[in-house]
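Comments concern the structure below.
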Amino acid sequence: SIKQHKGIKRLLSWNQFTSNEVEHLYQRYVFRIQQSALVCLSLLFTILCFSLAILITSFVGNYTIYSLYLFTQGLIFLIFFIYVKANLMKEKHLLAVNYTVLSFVVILCIFSVPLPLGAPPGFEDHKLNAADGAWVVAFVIFSVYALMPIRTLSKCICGGFIPLVHILVSSQTCVQFPELLWRQVSVR
């Protein structure tokens, strides 16, 4: 009976090391790699948000709703960076922190879609373009696939949801979208 139990246990744990010490070292190593990827991702998005906020503010000459949002989002990513880099995050927190960061990244993409929020003074004649925010979406999808230590299914759902939201909002808010879509569909 004890031999059968050990055989079943070995069969079910085929991807683990036989030594508990080696298995613990391996798990710690994987956690450090995932932690390092999360540090890189949070620093990258901190720089992105602050850079965009500064550029938008200096280009427009005043704070806008979007630039204030980007400053706030940059501070949130900076807090995540400090939290992970200072080794305050434990291994049991990794999944929750990853999905929290993912939710903030998705919110960043949703706020990057072309929305008619009212143009700042001097930019009233700016027409919304379907490409507004598209590079942010592409950058976020690439970063999530490359750096987020989460399950592939979650990455795929995120990678499908974000562009779908961008296309739906762009089709409703951009004036040139119908003719652009027609040009892509018609082949002559």
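Here the Cβ of each residue, glycine as well, is placed from N, Cα and C on the backbone.
Those TrEMBL annotations? Automatic predictions, nothing curated.
TrEMBL has this to say about the protein:
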DOMAIN    12-185  domain 'Adenylate cyclase N-terminal'
TRANSMEM  37-60  transmembrane segment
TRANSMEM  66-84  transmembrane segment
TRANSMEM  96-113  transmembrane segment
TRANSMEM  133-150  transmembrane segment
Lying 6 or more residues past either end of the transmembrane segment (96-113) yet within Cβ distance under 8 Å of it, the residues of that chain are 38, 41-42, 45, 49, 66, 69, 73, 76-77, 80, 83-84, 89, 132-133, 136-137, 140, 143-144, 148-150, 154, 158, 161-162, 165-166, 169-170, 173
Against which stretches of its own chain does the transmembrane segment (66-84) lie, if we need a Cβ under 8 Å and a gap of at least six residues from its ends?
-> 35, 38-39, 42-43, 45-46, 48-50, 52-53, 56-57, 60, 97, 100-101, 104, 107-108, 111, 117
Would you report the average pLDDT that the model assigns to the domain 'Adenylate cyclase N-terminal' (12-185)?
-> 83
